[in-house]
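Asker: Below, the features straight out of TrEMBL:
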DOMAIN    B:39-142  domain 'HPt'
MOD_RES   B:81  phosphohistidine
């Protein structure tokens, strides 16, 4: 199957239906392929991490962008889970939050997030994603 | 062409007043910029989701504040936090600001204060909803008359 090398696949995680719609539009406008899910656990399921088992499947996701504040698994918890996984740890993770809390931002960056954006996300933020993207 | 010009003029005036009165801010303009031929109804779709979600949240807040056995302020705050986020995402500035004030009363566990804030947020939300629905109606009228919608700067 021929893969369009220029189209990157982004997995967007956010519990807000409004924010999912917005981020999907922002990403599609910037020519990304987008999958949105509403929770960290759904994200892990999509990525092939079921019940803590590491599926060695090629999941074809080049970047994960996640909201920080979500019920159940936070964006930070998701980041940690991804970084612990041998097959997912190289996928860049970007975190978004509506709250500008320096200690929160620093903790995410220290624990492996590539970048941290304040909400609401702008097109200029999405443009900053390309350098972080991973070629699978 | 006269009717189209008239409608476009009305649209611009309405849009300008929305911004001037602080009902919407630049984020709303950003939403409008994301609408194009690939996604021609984007703004109406997002705003409709927002209306649906907000009404649910406002009901949650009202119910939580009614609890005779004792108000769960964390629950109220969780709903206010969500509404603050979504209103910020669509550029509903006055609703967002009302939510910010609301959160401090939740933190203070002040029921009377919270009830006043709920009233304020509900008022701002209704105002926003009315004004945006008028704006969308004007858009439909312009398109039906064969005109194009003036582009937001």
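Glycine too: its Cβ is placed from the backbone N, Cα and C atoms.
Curation plays no part in TrEMBL annotations; they are all automatic predictions.
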Asker: Using a 10 Å cut-off, grab the number of neighbouring Cβ atoms around the Cβ of residue B:81 (phosphohistidine), all chains included.
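Answerer: Taking every protein chain into account, the count is 18.
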Asker: Work out the three-state DSSP category of residue B:81 (phosphohistidine).
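Answerer: DSSP call for residue B:81 (phosphohistidine): helix.
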